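Here's the structure, in structure tokens; my notes come after.
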Amino acid sequence: MSIFDPVYIGIDEFGHPKRVPLIERNMLIGGEPGSGKSGLLNGVVAHAALSLDCRLCLLDGKRVELGQWRKCADVFVGPDIVEANKTLHRLQIMMDNRYAYLESCERRKIKPADVFTAYLVAIDEIAYYSATVGSKQQREEFSTRLRDLVARGRAVGIIVVAATQRPSSTIIPTDLRDLFAWRFAGRCTNDSSSDIVLGHGWAQKGWSANVISPNNPGAGLLIAESGSPELVKVAFLDDRTCAAIAAYAATLRATAAGMVTPLRRPRPRAA
Ligand SMILES: Nc1ncnc2c1ncn2[C@@H]1O[C@H](COP(=O)(O)OP(=O)(O)O)[C@@H](O)[C@H]1O
Ligand SMILES: [Mg+2]
């Protein structure tokens, strides 16, 4: 599996598989509590964890949503704004170094099997870091650094996938939202929240995530940079499945890093 492969996220309204290319793109996931945001985020992280050409950096204010992937991740940040800002800063430094490298070899973007690996930065609850914990200055620092990563990270393989419970313009300013190539709106409390995720004016054209039933978590509207929203139902990985995939991915990673000897089949004994 590779991060250059489109990521399977569920089915569309015709029952066809929906796959989204994530390399050189970012994804914003919005919706009210219980609308299935963490479910989608987990599906994306599962694909990335199984892709040995992608490293993981996870930020999760609740700790338990992405906690199962901890052993596959380079960095796991819990409810700690100082740690979150430090991590984003380190990612910015890495991003700048990668651009310096590309410049030196007269290239413009990451390619499959590149000398540097892609990086998935998964954030559950942007609002926790950008509007809840720490001082105003720390929260602003978080938003500024995140915006920079979303704006400049694409070409050097940094993919930001971020979920937010309260899609309001103070949490995701419009200019930041527009930087996300993929946007998914699970059920939203009103049309304006839906528009904040999908883009202004979609509710008026009949595309509002407010019409999704509260009893249908994982259903939502998905929109790409240029296109119309599409109704999708996200595939759901339950706790046991996530744990099993995470354990397998961790072994794959450890084996690839030479830390574990791969299991060998016993040789058949001579008769
Ligand atoms: N795609 C899905 N299909 C079926 N059930 C889902 C799906 N996504 C979420 N759920 C159910 O809804 C609950 C809440 O989902 P969650 O992803 O935690 O919501 P959110 O992060 O938006 O608060 C999950 O525990 C699960 O039982
Ligand atoms: Mg959640």
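Using the three backbone atoms N, Cα and C, a Cβ is placed for every residue, glycine included.
Per TrEMBL, these features apply:
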type	residues	note
BINDING	GLY31, GLU32, PRO33, GLY34, SER35, GLY36, LYS37, SER38	ATP binding site
DOMAIN	4-195	domain 'FtsK'
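Shown on the structure are the features that TrEMBL records.
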residue: GLY31; record: ATP binding site; CB count, 10 Å: 30
residue: GLU32; record: ATP binding site; CB count, 10 Å: 20
residue: PRO33; record: ATP binding site; CB count, 10 Å: 11
residue: GLY34; record: ATP binding site; CB count, 10 Å: 13
residue: SER35; record: ATP binding site; CB count, 10 Å: 28
residue: GLY36; record: ATP binding site; CB count, 10 Å: 24
residue: LYS37; record: ATP binding site; CB count, 10 Å: 27
residue: SER38; record: ATP binding site; CB count, 10 Å: 22
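For the domain 'FtsK' (4-195), the predicted model reports an average pLDDT of 94. When the binding-site residues SER35, GLY36, LYS37, SER38 are checked against ligand 2, LYS37, SER38 have a Cβ within less than 6 Å of one of its atoms.
The record gives GLY31, GLU32, PRO33, GLY34, SER35, GLY36, LYS37, SER38 for ATP. Within 8 Å of the mean position of their Cβ atoms, the other Cβ atoms in that chain belong to GLN165, GLY186, ARG187, PRO217.
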